[in-house]
């Protein structure tokens, strides 16, 4: 209980002024396969704070005493207890970092909104896909053939399929957190793959919009839909995995059916096979740390940041395409008197292109709470 000897340059606050040192004689202990578990008991309400497990990292220079670091440590919370899981031995403590934390009531309301919105989206996308399949069996052969050649409709159906998988896997992520670790990791991997595929199909929508409205002439691309599927879904399934083309009216029957392993999906499968601990239990902290919520999601910061970069690049491309289309419509406003109708179409395309997902990059400061509610409402209802 001498935290003044382990004080960093920011005068960080330590829970109950407790610092625990654990060592073994004869050498340095690090990179343990089975983490060491250290429990800190407390009888205080961790209000408007985030209790994080940290260890003391001595300074390199003579003028630097050192700093607290959370590298190699994972934090879990129970009522009255903070548990640290660390892969090395040194001085440990619980650092109290004042952050913008959700209250239990806010977390409950956001959870309710996302559950209702994703359920409605899943039902809407499923009904649309079923109606498309049902109508394909009743329309005249010529119109069916024309519909199958309509790339715009087929791209819409692929996006709806990706959104259906995304909503269903998200709804399963919280209840699966109460199950076994392997099942939770599989659910997290499915959620991650669905998110990447949905974002990829939003980019495909933007690229198709670019060809339709900006590059009107000479837009023929050989195996166009096949290349979009390779980008968003990926490889094609073997013959024994293919569904009858009557079940997939939005797909070109002259081409094979997309399989379950593609560019986004292949990356997730590779990570799941070689670094499975990337997926697992993810805790959403509240201001009262023992009233948190656990879901199945990414547990690795590098994977989280890589996903953000992937989403950021796609959203940047979609935003640029949408801006180019709006400039084109503004320039041609005086022609044909259909500018108002085109503007309404573009406003609808802001949802189709997923530009509302860009709200995720405004989760700081005074924007945090409005962003959380807007992001939850708009994106859960996207389907």
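Just so you know, the numbers here start at 1 and follow the chain as drawn.
Cβ atoms are placed via backbone N, Cα and C, with glycine included.
Unlike curated entries, TrEMBL annotations are predicted automatically.
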TODO: Could you tell me which of the ranges 283-302, 303-322 is annotated in TrEMBL as transmembrane segment?
DONE: 303-322
Open item on the list: Quick test of the contact rule: Cβ under 8 Å, at least six residues beyond the ends. What residues does that give for the transmembrane segment (303-322)?
Closed with: 192, 195-196, 199-200, 202-203, 205-207, 209-210, 214, 271, 278, 346, 349-350, 353-355, 357-358, 360-361
